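Here is the structure we will look at.
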Amino acid sequence: MSSKAGARSLVLAGTFIAPISQWFVFWLLARYGSVAQSGVFAALLAYSTPLFIAAGWGLRNTLITLRRNYSFALYLKLRILLLGAAALLLIGIGAWTQADPTMLWAVLVMKVTDGITDLLYGPLQRQQALAPYGLIMIANGLVSALMSVLMAALCTNASMIVFGSSVGSTVTMILAIIVLKRRPASEPAAGRTSESARALLRISAPIAFAQMLAVIITNIPTWTVAALGDNADVGRFAAAAYILTLGSLLGSSLNSMFIGEYQSIASDQGFQPLLHRLKQTTIRIGLVGILLSTLAFLIGPFLLESVYGHSFTFSPWLIAALTAAAILDPGTYVLNAGLLALNEYRNQFLVVAWSLTFTVVCILVCYLANAPALWAGTTAAATANTTKIAFSALAIGRSRRHMGDAHPTTHSSRTNQSLIGGLTPLDD
């Protein structure tokens with residue numbers, strides 16, 4: 001195995017370990033605490049996740065791909081200020097809902113430290129230092145799980161299990177700081193901080209809004225099933241929808257692996273080599289999708305019924321369609337990395353916005369046609385991912401016509417082509 005393949009394997013493992021670790025904390029709470037405590041933890045995560053995604057403001061993706069340099073210290077100051085605002089909102093929500101104080105502060109520490117660590121990953125990805133990046137993510141999952149087990153064994157208050165996870169997040173943040181300090185990077189000369197901060201916030205805004213809309217799109221299939229079906233339909237769809245979760249995790253891994261490489265190709269080699277790489281990767285994902293969808297049709301219903309029980313029966317066509325929708329997801333992440341490498345930040349937002357629009361139209365059609373709830377949810381997922389791929393390809397194609405084969409650095413201060421026509425200036 002080459003060193004690059006090994007490093008990518010570490011990133012893949014780290015991407016999967018993080019959500020598994022969070023699920024493990026939830027399982028420990030259910031096992032050693034109570035249903036109510038598990039519910040409080042789930043509710044706090046539901047409140048905090050969109051808050052802290054918004055607080056991230058897309059700064060890591062901007063740091064990795066933006067061809068105009070801003071100091072890392074500026075990125076870090078903005079991230080800390082935004083995390084502070086999100087933390088205050090979460091404290092207010094926790095007080096309003098009368099959440100367990102120990103668990104509230106544990107989730108708060110976990111989210112803040114994870115938010116700082118997320119930005120610290122940026123320089124590693126830009127430098128394509130995938131091995132330390134993957135190892136830090138793996139350490140985050142393992143240390144968080146280990147500390148949670150330790151708290152479960154030593155403390156009578158089950159809420160301390162979540163505190164153990166927050167200790168793991170803090171240790172990981174410290175580890176990331178140590179790794180970065182050992183990898184000195186050249187810093188641009190300091191400019192006018194207030195103007196630079198405003199410019200950086202403007203540049204990152206489309207990425208931030210795209211990430212917020214993406215959270216909504218991710219949950220739309222389940223919301224659709226809940227609106228059109230009953231609790232049993234939701235339970236069955238949730239069981240099968242882990243296929244979508246796997247596709248999303250794989251896509252996130254590919255995005256993390258390739259975004260730094262794509263930025264380097266766009267900056268050093270130009271548009272055509274980047275387009276060639278994007279085509280290669282997307283075609284390979286499509287071929288794998290055809291194979292996996294066929295396998296899902298043949299054995300998917302049997303596997304799901306074996307895992308979940310006789311109440312969880314599915315049509316093979318439904319499972320094949322759900323698998324196809326899941327496999328489209330990695331393709332959307334790869335093309336998203338391409339758009340970011342081209343600094344097409346506004347077009348990235350427009351891709352997600354158009355995807356949400358078409359998905360809502362799809363749901364309305366399913367409602368008017370009295371479509372079965374599970375099929376409506378599956379169709380919503382497939383529509384979301386298909387439109388994201390289509391509009392991403394369209395945006396990249398329009399960028400190609402305007403950039404041609406010129407070196408990307410000659411376009412770093414030029415305007416970005418809007419997906420819906422016309423020229424939209426990129427504030428800097």
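Going from the start of the chain as shown, residues are counted 1 onward.
Just so you know, glycine gets a Cβ as well, placed from its N, Cα and C.
Long-range Cβ contacts of the transmembrane segment (9-29) within its own chain (Cβ-Cβ under 8 Å, at least 6 residues beyond either end) map to 1, 37-38, 41-42, 45, 130-131, 133-138, 140-142, 144-145, 148-149, 152, 158, 161-162, 164-165, 168, 245, 249-250, 252-253, 256-257. For 9-29 (among others), the entry in TrEMBL reads transmembrane segment.
Look at TrEMBL and you will find 35-59 (among others) tagged as transmembrane segment.
Residues or ranges marked as transmembrane segment by TrEMBL: 80-97 (among others).
What TrEMBL records for 103-121 (among others) is transmembrane segment.
Taken from TrEMBL, the feature transmembrane segment applies to 133-154 (among others). For the transmembrane segment (133-154), the list of distant contacts is 7-15, 17-18, 20-21, 24-25, 28, 31-32, 114, 117, 121, 124-125, 160-165, 167-169, 171-172, 175-176, 179, 256: same-chain residues at least six beyond its ends, Cβ to Cβ under 8 Å.
Residues or ranges marked as transmembrane segment by TrEMBL: 160-180 (among others).
The transmembrane segment feature in TrEMBL is assigned to 200-220 (among others).
If you look up TrEMBL, you'll see 240-260 (among others) marked as transmembrane segment. Same-chain neighbours of the transmembrane segment (240-260): 8, 11-12, 15-16, 19, 61, 64-65, 125-128, 130, 133, 218, 221-222, 277, 281, 296, 304, 312, 314, 318-319, 322-323, 325-334, 336-337, 340-341, 374, 377, 381, counting only residues six or more beyond its ends whose CB sits under 8 Å from a CB of the stretch.
Positions annotated as transmembrane segment by TrEMBL: 281-304 (among others).
Marked as transmembrane segment by TrEMBL: 316-342 (among others). Sequence-remote contacts of a segment are chain residues at least 6 beyond its ends whose Cβ falls under 8 Å from one of its Cβ atoms, and for the transmembrane segment (316-342) they are 61, 64-65, 207, 240-241, 243-244, 246-248, 250-252, 254-255, 258-259, 262-263, 265-266, 271, 274, 278, 281-282, 285-286, 288-289, 292-294, 296-298, 300-301, 304, 348, 351, 374-375, 378-379, 381-382, 385-386, 388-389, 392-393, 395-396, 399, 403, 408.
Taken from TrEMBL, the feature transmembrane segment applies to 349-370 (among others).
Taken from TrEMBL, the feature transmembrane segment applies to 376-396 (among others). Panel annotation: around the transmembrane segment (376-396), residues 217, 220-222, 224-225, 228, 237, 241, 244, 275, 278, 282, 318, 321-322, 324-326, 328-329, 331-332, 335-336, 338-339, 342, 344, 347-348, 350-352, 354-356, 358-359, 362-363, 366-367, 417, 419 of the same chain, lying at least six beyond its termini, place a Cβ under 8 Å from a Cβ of the stretch.
As annotated by TrEMBL, region 'Disordered' applies to 402-428.
Feature annotation from TrEMBL assigns compositional bias 'Polar residues' to 409-419.
In summary, the transmembrane segment (103-121) does not lie against the transmembrane segment (200-220): fewer than three C-beta pairs, each 6 or more positions apart in sequence, are under 8 Å. Proximity of distant same-chain residues to the transmembrane segment (200-220), defined by a Cβ-Cβ separation under 8 Å and at least 6 residues beyond the stretch ends, is recorded for 49-50, 53-54, 56-59, 61-62, 66, 70, 74-75, 78, 248, 340, 345-346, 348-349, 351-353, 355-356, 359, 363, 380-381, 384, 426-428. Long-range contacts of the transmembrane segment (281-304) within its own chain (CB-CB distance under 8 A, at least 6 residues past either end) are made by residues 239-240, 243, 254, 258, 312-317, 319-324, 327-328, 330-331, 334-335, 389.
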